[in-house]
Ligand SMILES: NC(=O)C1=CN([C@@H]2O[C@H](COP(=O)(O)OP(=O)(O)OC[C@H]3O[C@@H](n4cnc5c(N)ncnc54)[C@H](OP(=O)(O)O)[C@@H]3O)[C@@H](O)[C@H]2O)C=CC1
Ligand SMILES: N[C@@H](CCO)C(=O)O
């Protein structure tokens with residue numbers, strides 16, 4: 001066998017420990033598959049004394065992971081710390097510049113700095129890989145970047161955050177509140193260090209920015225993504241969605257058309273019979289549509305130690321095999337700057353939940369606002385009498401434009417009978 005690939009790992013938390021476990025327990029299997037061994041030679045984390053449940057005594061310890069870049073006996077650096085900037089970015093930059101390949105699960109880093117890191121990697125003639133950054137254990141980067149490479153991609157969307165899907169699924173199946181389910185997702189190692197990134201849709205947007213680049217050959221453009229999270233979804237919405245034949249999922253969707261690149265992240269109602277509606281707990285799913293392949297559907301575990309580490313190790317194996325594809329599958333200089341499509345241009349049907357006083361004329365006032373804007377209703381439900389004399393009114397519109405419905409909701413929110421800020425969920429008939 002040829003020389004081993006010598007690996008240093010920065011970050012020994014949920015994912016880092018998973019990577020150590022796979023590389024050690026599947027040492028022989030992996031060496032056979034690569035034609036050379038993969039050897040962990042160095043590790044770094046914040047707290048040297050912490051018991052991590054794996055034996056790291058055989059690896060050189062570094063208090064400062066940035067020192068990896070200067071070590072001649074390290075071929076590849078694995079970053080499993082997190083964060084778009086700070087140590088993660090410095091480590092990426094310095095490792096690549098020092099001629100070391102770089103593997104990361106850090107979607108924030110790639111979403112914000114993917115194009116510049118890809119340039120650095122190409123100039124240094126080394127690999128930059130990030131399979132674990134999107135959809136955890138699903139090999140979606142490889143599937144889209146290599147498996148679908150013959151196609152012009154039109155559309156890519158999916159459930160990209162395990163924590164949110166876990167929360168929405170558990171809220172539906174157990175009736176537990178948002179806070180309790182989030183705490184459980186954190187305990188299971190699904191959530192980000194800052195779980196607001198999960199529940200506010202930012203993590204999904206990071207992943208969508210990366211997927212768009214891989215699918216469409218465009219520069220990652222995180223800042224143009226419309227982002228809305230799941231905080232305002234309540235058990236009643238999940239129940240009413242079911243009543244009208246839908247399930248609520250946090251979707252990330254990107255579409256490249258003649259008008260530019262549409263990228264949006266928000267809770268969406270998907271038809272109960274759609275495969276994506278059946279994706280439960282921390283599972284992720286991605287639908288990718290190309291001009292010759294039509295639609296393809298991928299599902300798997302999107303978060304947690306094993307699935308994420310599996311994707312990280314797959315990247316390391318690829319590099320050990322000598323695969324040196326461009327990080328976004330086209331040379332970094334060829335990545336195109338796409339024109340963002342404004343969210344106001346979005347067209348679709350909308351679910352609207354209003355909390356209103358139960359008194360004559362309320363519905364007439366609401367429908368009058370919609371009539372003035374030519375918004376047509378498909379469904380209208382009035383739910384329950386609360387003790388305080390207020391009720392929920394649920395409306396489902398026919399297809400209309402985003403700016404029209406948002407203007408209408410602003411006016412409806414100002415009606416004296418409307419108690420809380422209206423909630424709207426976009427209906428996706430994909
Ligand atoms: N958890 C998951 O399911 C998934 C996570 N990811 C991504 O993987 C990355 C790691 O996530 P995860 O394992 O969950 O995070 P954890 O919080 O579990 O682990 C982070 C690790 O980084 C170490 N660390 C913090 N600061 C430094 C530093 N300055 N130098 C060296 N090490 C440092 C910590 O050290 P110590 O242990 O000593 O505190 C810890 O071991 C993130 O980018 C995340 O977004 C991607 C997909 C799924
Ligand atoms: N926090 C992320 C981890 C996987 O990227 C999630 O819940 O999906």
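All residue numbers here begin at 1 and follow the chain in the order shown.
Including glycine, each Cβ sits where the backbone N, Cα and C put it.
Quick caveat, the model's predicted, so the values are computed rather than measured.
According to TrEMBL, the feature NADPH binding site maps to 107. Among the features that TrEMBL reports, L-homoserine binding site is placed at 192. What TrEMBL records for 207 is active site, proton donor. The domain 'ACT' annotation in TrEMBL covers 351-423.
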#### Entry: Neighbouring C-beta atoms (10 Å sphere around the C-beta of residue 107 (NADPH binding site))
30
### Task
Can you see whether DSSP assigns residue 107 (NADPH binding site) to helix, strand or coil?
helix
#### Entry: the domain 'ACT' (351-423) [mean pLDDT, rounded to integer]
93
### Summary
If you measure between the CA atoms of the residue listed as 'L-homoserine binding site' and residue 107 (NADPH binding site) and round to the nearest Å, you get 11
### Query
For the residue listed as 'active site, proton donor', which residues in the same chain are close in space, meaning a Cβ under 8 Å from its Cβ, but six or more apart along the sequence?
107, 111, 133, 134, 135, 160, 161, 252
### Query
DSSP says what for the domain 'ACT' (351-423): how many helix, strand, coil residues?
23 helix, 26 strand, 24 coil
